[in-house]
Amino acid sequence: MDTEQGLKNHTAKTSPHDETAMASLTTIPTSVTLSAEQFEKLYLSPLTQRQGMLSKQMGNPTPLALGGFVITTTPLSCCLMGWRGATGSGIAFTGPIIFLGGGLLVLTSILEFILGNTFPCVVFGTIGAFWFAFGCTMTPAFNAAAPFSTSATDTVAGLSSPDFLNTYAFLFIWMGVLMLIFLACATRTNAVYVAIFTTLTLVFGFLSGAYWRLAVADALVGNRLVVAAGACLFVASMLGFYLLVAQLFDSVGLPVRLPVGDLSRFWDRRAR
């Protein structure tokens with residue numbers, strides 16, 4: 001009994017060292033609550049009630065897609081505008097188009113799907129798949145354009161043949177329609193995203209017109225439309241860089257907050 005009572009007295013007593021140690025303990029937050037505006041800025045998707053716990057446990061994959069997008073579209077836009085004598089409609093960038101444009105965007109699309117972000121999943125997945133298709137079309141191993149050449153084996157000649165140009169222009173037409181749909185959905189997020197899809201819609205419209213004019217040997221108008229497409233793509237690239245910088249600044253906690261023109265408030269007011 002004496003031993004048991006001694007143990008109770010010993011455990012009931014707290015040494016000054018223990019009190020000092022307990023007093024020095026502080027609570028460290030392990031999670032951060034994002035507002036609807038912050039969520040839409042980081043994930044480029046409206047905040048819904050169906051957001052799962054994974055979005056709190058995993059990193060934000062959206063900047064990865066933006067990085068792949070801008071590093072692909074920026075040099076391609078310079079090529080389309082013919083800067084420093086660049087030619088070839090992007091054939092020189094086949095590798096970056098497939099691995100940076102296609103690979104990173106499709107990878108991000110899968111990650112957005114896991115997080116439950118439907119809109120960016122669809123956007124990055126379809127644009128990434130387009131880059132895969134565009135790059136593969138220019139790759140001789142896929143033999144997509146060679147049958148349109150006179151020798152049926154020359155990919156470069158096939159890419160500039162009237163039959164190929166008339167046919168491939170339809171892909172640009174419907175990509176433009178898809179960008180228009182994305183534009184309507186982006187009005188729920190922010191103004192920068194809306195501007196990106198606006199310029200991308202123009203890019204595909206100009207490219208389809210350019211291909212059809214070049215198919216009838218109207219090089220003057222066709223080349224001007226290609227330059228116009230390159231200019232619009234360059235604007236989209238700069239907007240993409242801006243959005244990427246804004247997201248990366250927020251991700252590392254820099255005090256500089258770049259405005260992106262939140263549009264969710266407009267829709268919230270309309271809902272009321």
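Even glycines carry a Cβ here, placed using N, Cα and C.
Over in Swiss-Prot, the protein carries these features:
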COMPBIAS  1-14  compositional bias 'Polar residues'
REGION    1-21  region 'Disordered'
TRANSMEM  63-83  transmembrane segment
TRANSMEM  91-111  transmembrane segment
TRANSMEM  122-144  transmembrane segment
TRANSMEM  164-184  transmembrane segment
TRANSMEM  192-212  transmembrane segment
TRANSMEM  225-245  transmembrane segment
The transmembrane segment (225-245) and the transmembrane segment (63-83) contact flag, 3+ Cβ pairs under 8 angstroms: yes
Contact ranking winner - 63-83, 122-144, 192-212 against the transmembrane segment (164-184), Cβ under 8 Å: 192-212
Spatial neighbours of the transmembrane segment (63-83) far in sequence, C-beta under 8 Å, 6+ residues away: 89-90, 92-93, 96-97, 100-101, 103-105, 107-109, 111, 120, 124, 127-128, 131, 226-227, 229-231, 233-234, 236-237, 240-241, 243-244, 247-248, 251
Outside the transmembrane segment (122-144), six or more residues from its ends: residues with CB under 8 Å to it: 44, 65, 68-69, 72, 90-91, 94-95, 97-98, 101-110, 112-113, 155, 159, 168, 171, 175, 178, 182
For the transmembrane segment (192-212), sequence-distant contacts whose Cβ falls under 8 Å of one of its Cβ atoms, 6 or more beyond its ends: 44, 165-166, 168-170, 172-173, 175-176, 179-180, 182-183, 186, 222-223, 225-226, 228-229, 232-233, 235-236, 239-240, 242-243, 246, 260-261, 263
